[in-house]
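Since the structure comes first, as structure tokens, the remarks are kept for the end.
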Amino acid sequence: MASRQSPMAVSQPDHADRSAALQLTPVSRETERRLDAYLDLLRQWQAKTNLVAPSTLPQLWTRHVADSLQLLTLAPDARRWLDFGSGGGFPGIVLACAMAEHDGGHVTLVERNAKKAAFLREALRVTGSPGTVMLADIGDNVDRFPQGLDCITARAVAPLHQLIGFARPLMTEGSKALFLKGQDVEAELTEATRYWKIDPQLHASLTGGHGWIVEIDRIERQALPTASKEAAQ
């Protein structure tokens with residue numbers, strides 16, 4: 001009988017996957033080292049805390065890291081970031097690893113799961129990246145979040161119309177939101193415009209597939225009946 005492959009064997013880094021990701025989204029050697037340390041930690045924690053889908057472990061770099069790094073090309077001057085629902089750290093920890101090279105760079109990671117929040121704090125410590133982890137629910141604690149943000153991000157957290165509602169009170173002149181979305185992005189945009197006046201830009205993901213990035217720099221509320229307004233929260 002063939003032996004079963006161990007979890008450790010499955011989660012070993014794939015150097016071809018790493019090279020492919022760094023060709024798509026090049027970073028400095030220092031940032032590469034921080035990302036390597038982060039992914040090593042993620043593989044260790046994955047055995048006890050489900051941080052990413054197990055099927056994506058062999059493609060951590062292309063499926064998750066490059067997907068996160070591409071946001072930097074859309075906000076090259078952003079230094080103060082906030083990531084809703086950071087989970088296993090994509091894109092929040094990846095962005096923090098990159099911000100370590102910039103004066104004033106900082107990422108606030110918002111996560112409601114205590115175990116995942118503990119992982120995020122350890123990832124910041126191990127990589128020496130500038131960031132703060134807030135154990136919070138993104139829908140109930142907006143007043144606690146930092147002000148003066150340059151960019152707000154989210155990936156696989158909530159429907160677009162809800163994310164826009166969470167981001168709106170945190171956005172100021174010159175700030176933007178970058179939301180990573182999948183193949184249903186057009187339907188989500190249609191739903192979002194029922195509640196919000198936005199002028200979104202859509203960017204196809206550099207990692208291919210059906211991924212999209214929704215870029216928003218202006219949000220106004222649509223004139224809606226009270227019941228519809230409550231649904232947008």
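Cβ coordinates come from backbone N, Cα and C, glycine included.
Quick look at what Swiss-Prot lists:
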- G85, F90, R155: S-adenosyl-L-methionine binding site (BINDING)
- 1-25: region 'Disordered' (REGION)
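Recorded features from Swiss-Prot, shown on the structure.
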| residue | record | DSSP class |
| --- | --- | --- |
| G85 | S-adenosyl-L-methionine binding site | coil |
| F90 | S-adenosyl-L-methionine binding site | coil |
| R155 | S-adenosyl-L-methionine binding site | strand |
Which of G85, F90, all binding-site residues, has a Cβ with the fewest other Cβ atoms inside 10 Å: G85
Other same-chain residues whose Cβ falls within 8 Å of the Cβ centroid of G85, F90, R155, the recorded S-adenosyl-L-methionine site, in sequence order: D83, F84, S86, G87, G88, G89, P91, G92, T153, A154, A156, V157, L180
Among G85, F90, R155, the record's S-adenosyl-L-methionine binders - longest CA distance, Å: 9
Chain-internal residues near R155 (S-adenosyl-L-methionine binding site), provided their CB is under 8 angstroms and they sit 6+ positions away: D67, S68, G85, G87, F90, P91, F179, L180
